[in-house]
Amino acid sequence: MNTNQNKFNLNINITKDELSRLIKIVYNNFGINLSEKKKLLIESRLSSLLKVKGFKNFTEYINFLEKSTGNIQLIELIDKISTNHTYFFRESKHFDFLNNKILPKLTEKILNSENSEIRIWSAGCSSGEEPYTIAMMLKEYMEHNRVNFKVKILATDISISVLNEAREGIYPEDRIINLPKYLKIKYLNQLQDDKFQVKEILKKMVYFKKLNLMDEKFPFSKKFDLIFCRNVMIYFDEKTRNNLANKFNSYLKKDSYLLIGHSETIRGNKNLEYIMPATYKKN
């Protein structure tokens, strides 16, 4: 029997040295700062993975990760330890700003140019509630203002499991609690067991793609009119946040916006002008 376990504890215990090594792996590959205070959470979330893979302890698992040449194992790791708590119309002030400020400006710009496409990136999209909310807002805006333009919403995440959930677009009732009833009826189909599925009219507006925000460059040939990266950078240290903000800046069009989580800040970036809490504009 593994000495790191007892009959009352189904989790595999992680030592201080093992925890330190695992924290380093997560930071180097994903930019996420795991705290040593997360020890119990890590044990509870990873123990089942270790058992399925046949590892007797965390040292064996970490040795395997360090020697691994592929990224499938790393994706499995981040899938297990990531917290994916989100819902439709989360931090609604951003969507008010989108409807009242950003979309009118984009409409004016489109009407005065040959380019009729709006490009929006939901970075760290988790299970899809954010990009689908954006799609709803755009559909409603175009219908209300009797305008029509091409819309491309790119939604990316490092986690394969949440991307699969996002593509399926099925959510329990607590995820749509902030959704007005008329939007619920218009854009969701009610399923059994109090679950709801996003209709195809929204699904076809959103393209989901796996992407690591720590990649040196992003595989995009065109810039964006708006980037959402909300409640993602809270896991990063200041250096990583600043590096990511600089990368976002390089993929934004002039006079476009970056929206981050309301508990997050970007400091010392001369290219991004602070507009209001969690809202920045590229000069």
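Placement of Cβ uses the backbone N, Cα and C atoms for every residue, glycine included.
Taken verbatim from Swiss-Prot:
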BINDING   Asn84, Thr86, Arg90, Glu130, Asp157, Asn212, Leu213, Arg230, Asn231  S-adenosyl-L-methionine binding site
DOMAIN    7-283  domain 'CheR-type methyltransferase'
For Asp157 (S-adenosyl-L-methionine binding site): intrachain residues, at least 6 apart, with Cβ closer than 8 Å: Gly124, Cys125, Ser126, Leu163, Ala166, Phe208, Lys210, Leu211
CB within-chain contacts under 8 A for Arg90 (S-adenosyl-L-methionine binding site), separation at least 6: Glu129, Glu130, Thr133, Asn178, Arg230, Asn231
Three-state secondary structure, Asp157 (S-adenosyl-L-methionine binding site) (per DSSP): strand
